[in-house]
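See structure below.
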Amino acid sequence: MFRAQLSVAWSCPAAVGASGRLLRTVIPGAPGSGKHTLALRITKHFRLKKFSSWDLIRENMLRDTEIGVLAKVFMDQGKLIPDDVMTRVTLHQLKNFSQESWLLCGFPRTLRQAEALDRVYQIHLVLNLNVPSEVIQQRLSARWIHPGSGRVYNLEFKPPKVVGVDDLTGEPFVQREDDRPETLAEGLRRPTKPVLEYYRKKGVLETFSGTETNEIWPCMHALLQTKVPQIDPKASVIP
């Protein structure tokens, strides 16, 4: 049975209007938790600019920037990208959107990243996804990506037309470093409690528990209705 909670059991709120202030929101979730899918739904329904840490790194790699080159070195070595690199690329992008509400997807992942972000921006809402690790592992074992465009394939429910290559370009796709079994196991073992506790103490943490995105979305939608303007207030909650 799905429930959404903030430390204790929490029920879907009624929509009582949205604050007029800019909203700074993050979805820190583990790879495969569904944060990308939910972030897309959020930006479809609400006036938030979405930023993905992976997309920012990929764009820098394609443009061959200093950060992109540095990130590629770590990825080629099979290592996770360090906190300071992830923080630099994220803060550099956000400074161009000081007058917009935004949603960070996949950042921060560590306490150091959270503290660095907090030194520049006040975070108003953290949408934590509590998804069982066995569900995450099952999802990611079938997920592959076309590195040039970011198009994502899933061998179980969204397979490519030809095995191993992108539908549009015919180029081979790869498994993201975060999705590889050895990296995934390390990521799932890495403690996330310090980050969540950091935001819990600030009173901005909302935790949504479930195994399916469609279970989590209605309560998340209802909460966001109280926080940020909708693009179309008459639109259905159904994606």
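In case you wondered, yes, glycine gets a Cβ from its N, Cα and C as well.
All TrEMBL annotations are machine predictions without curation.
TrEMBL assigns the feature region 'LID' to residues 142-179, out of the candidate ranges 104-141, 142-179.
Sequence-distant contacts (6 or more apart, same chain, Cβ under 8 Å) of Thr213 (GTP binding site) comprise Gly34, Thr37, Leu38. It is 18 Å from the Cα atom of Ser53 (AMP binding site) to that of Arg143 (GTP binding site). For Ile81 (AMP binding site), the same-chain residues that are 6 or more apart in sequence and have a Cβ closer than 8 Å to its Cβ are Ile57, Ala71, Phe74, Met75.
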